[in-house]
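Record features, source Swiss-Prot:
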MOTIF     64-74  motif ''HIGH' region'
BINDING   Glu557  L-isoleucyl-5'-AMP binding site
MOTIF     598-602  motif ''KMSKS' region'
BINDING   Lys601  ATP binding site
BINDING   Cys889, Cys892, Cys906, Cys909  Zn(2+) binding site
Amino acid sequence: MSETQKENPYSSTVLLPKTDFPMKADLAKREPAQIQSWKSGQIFRKMKEQRKGKKEFVLHDGPPYANGNFHLGHSLNKIVKDIIIKSKSLAGFYADMIPGWDCHGLPIEVQVLKNLGKKARETGPEELRRLCRNYAEEFVGKQGEDLSRFLCFWEEDRIYKTMSPGFEAKIVEVFGELFQNGYVYRGKKPVYWSIDLATAHAEAEIEYYPHVSPSIYVKFPIVGEQKKFCLIWTTTPWTLPANLGICFNRKIEYSFFKTESGEELILADGLAESVTSTTGVSLNKVKSISSDELSVLKFQHPFMDRISISLFGDHVTLDAGTGCVHTAPGHGQDDYKVGLAAGLEPFSPVDDYGKYTDEFPLMQGKKVFDANPEIIQLLKDKGLLLHHSEFEHSYPHSWRSKKPLIFRATPQWFFKMDFNELREKSLSAIDGVQWIPSWGITRIRSMVETRPDWCLSRQRNWGVPIPAFTCESCGQTHIDDVSIQFFTKMVREKGIEIWYSEKAADLLPPGTKCGKCGSDSFKKGNDILDVWFDSGVSSFAVLGERKDEPPADLYFEGSDQHRGWFQSSLWPSMALRGIPPYKTVLTHGYVLDEKGHPMSKSLGNGIDPTADVIQIYGADILRLWVSSLDFRDDIKVGKESLKIVSEQYRKIRNTFRYLLGNLDGHTSEQNLPFEELEELDLFYLSKLSQFAEDVIANYEAYQFHQIYQKLILFCTVTLSQDYFDMIRDRMYCDARNSKTRKSSATALQYILETLCILTAPILSFTAEEVWVSNGKKDSVFLQNFPDLKFWKNQNLEEKFESVLQVREVVQKALEIARQENKLGKSLEAGLEIVSKNGTNLTKILPKETLEILFVVSQVHEKNPGLDVLSFYENEKFSVKVLKPVQVECPRCWRHTEDISKEGDLCGRCKSVVG
């Protein structure tokens, strides 16, 4: 229209869209100013103040490590949380989330030591802790900037840091309450141990990677017998110095098997064939041996001067090996349990750095993994090695050093999983939590069912000290409720540094004496708490208590947190509250590259949310991308997918721009009453009502990808392709104050406002920009989701939908005419529409309305003798495109019967132009 109208004397009378709303978003440059406006206007605080007294919704933020900048996975996590809080607020809830940061622990300490380089050896513990605190503080600031740049709402004076004195005091306090209630004990048990970092690891700090281990079959001589042995299989030869027994299963059948050399070996009947296949040693069964007979056997250790005993345990299976399990209670959980039942002390001749101690003098000072070849050679020299090969398997590694871990028995502090029926109570509570996706309950149940006691202590510098003391006179450990409460108060006032700056006597209540010997001389312990305990007590430190229900409505983190934060939060809450800390747990998958590989700097396949997305496209594009994902599964992303999302954003923006342009000169105050609106506009308001209802339901169900799909479809098809096309003539060519134009403008106003509010949680900048461009004074975030149920009109929808079935047939018929160069604009056409079931469309809708719906000049039930330009049909309708004989109106381009000659205006346009 525009090119023709440049030469058209009536072009100035046509009400073309007019708006200052820019076509080019320029998000990267313009968003920062809006961020500052939100902050200075305290919009997030006002959102909550406006909804005080409403139903509360609390999303508890799982604290990321204050270590490095946010990566793409972080951006997904934080943006989804922000979408949830904003959508809940717009839905009328008092919605709140306090962002937090995990500030203690190995991730930060290791990075600081790495930054120090050679100076690390010269750096004392006090200076190291100071550097760790400064490092964490620096990245809390940087990540906070990222959070704002993601267009997330948060209050900078309402955050939590696990290294703040108040939080540290709460950690000590909760530890004390757990101790007081019998859930915490000190014991010597095998735990995952990092020989690189010289500290214990919890289950949540373990990652499994492929690892090649030696696979050996070893003969243990039976005491008092000649040429009779028990055959064991192990992939950890270095643990053999700690062997105290061989474990069998009473449900498995065992026998003596003779080899070609005449030796007899005890092994499980069900594994004899497998052993022969692996070792190449022929085995012939000699006789069976019962469990009672096995129980009295004793075995000579292969190279230590001691006896190994028979043990029994259900963990022994026929999955691999010989059915006779080498047992070192100091180097394995199952080994420890069966050893404990038999009265064996856990024995581990290995120090903190993985070197043998003087309890194994033959290899004292040698690292355990380095000792494997020498132990194998020792067995070979003694004639006790039946077979040796290499074995690749999944093996536990440290999450920080990425190096293999060992099991090692050391004195540690533990949380009792089975005290006071806690495990059973927790499993029951898990069933009452909503897990999204639903498979989350199976995953966490399986972990909770089998998890060993939680090792709470660590042997590092940067963390909250366990307030335990040792009597210098008798060596008794001293810790009680009074001393913990005393220390908690000190930490609340001065932070954990007081543990290191003050003497033991000053950290204990006056008059404290050893409960065993009465001495008043103590020394401080060296253990700190597991960093997972820090974040695990965050529901106590951050959230308010609710009567008989969890303090948080929602936890949302990556699916790896089923073994991490979801559990570390669950145990203290169940122990002290008797209920879980969360009502609902929602998880997301990993963010991978487009080939399904993990993103990493070394592979060069990473996408930086700031440099690669925000600085190029803007944060609204990043947020729209997040909303497009079904984040419950792992997510593949490449730069091409971001480009596609940016193109979809452009379509949404153009929809907003078209709405604003057509509302030039029309305000909400000029809206017509509902009962005065045209049927076509009422029909599309009814469709808007259904769209809004669906979107709000999708927000409620955290199905943001469904919103993305519906939004694109609504903007590009329902509005741009259909409704805007239908009302273009009315909006451009009817008189500004005509009832028909005002009816459509009223509908457009409602559509614009509704779209603005519905998209605000996702497209936060754009929605606010549109809201202001529409003349609104307050923020879009201070509105509520509209309740448009009264616009829902089923009868009207059925009437229009029955007619719109033919629109697709009409458009195909028109396209055929265009392709054959018989037609330009659709307004140059008339139509003959025949329903094959005899339905008369003009009985459903007036002829004038049909012309608007199909954007043509005339609609006929039967061709009045006009030339046929094209034809198309389907099983329901046939359509002929006709060439009107009437002259075209030079202003609106319609061919109407009230035009007498070329160049004259139609009656409608005459009345408008005057």
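Cβ coordinates come from backbone N, Cα and C, glycine included.
Everything Swiss-Prot records as a feature, shown here on the structure.
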residue : record                          : Cβ neighbours (10 Å)
Glu557  : L-isoleucyl-5'-AMP binding site : 20
Cys889  : Zn(2+) binding site             : 24
Cys892  : Zn(2+) binding site             : 24
Cys906  : Zn(2+) binding site             : 24
Cys909  : Zn(2+) binding site             : 23
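Within the chain, the motif ''HIGH' region' (64-74) has long-range Cβ neighbours (under 8 A, six or more residues past its boundaries) at 101-103, 105, 107-108, 111, 135-140, 142-143, 146-147, 161, 558, 590-591, 599, 606-610, 637. Confidence annotation: the motif ''KMSKS' region' (598-602) carries a mean pLDDT of 74 in the model. DSSP states for the motif ''HIGH' region' (64-74), grouped as helix (H, G, I), strand (E, B) and coil, give 3 helix, 1 strand, 7 coil. Separation of the C-alpha atoms of Cys889 (Zn(2+) binding site) and Glu557 (L-isoleucyl-5'-AMP binding site): 62 Å, rounded to the nearest whole number. Between the CA atoms of Glu557 (L-isoleucyl-5'-AMP binding site) and Cys906 (Zn(2+) binding site) there is a gap of 64 Å. Within 8 Å of the Cβ centroid of the Zn(2+) site, not counting the listed residues Cys889, Cys892, Cys906, Cys909, the chain contributes Cys733, Pro890, Arg891, Trp893, Arg894, Thr896, Ile899, Leu905, Gly907, Arg908, Lys910. Annotation note: Cys909 (Zn(2+) binding site) sits in a helical segment as assigned by DSSP.
Under the DSSP three-state reduction, Glu557 (L-isoleucyl-5'-AMP binding site) is assigned to strand.
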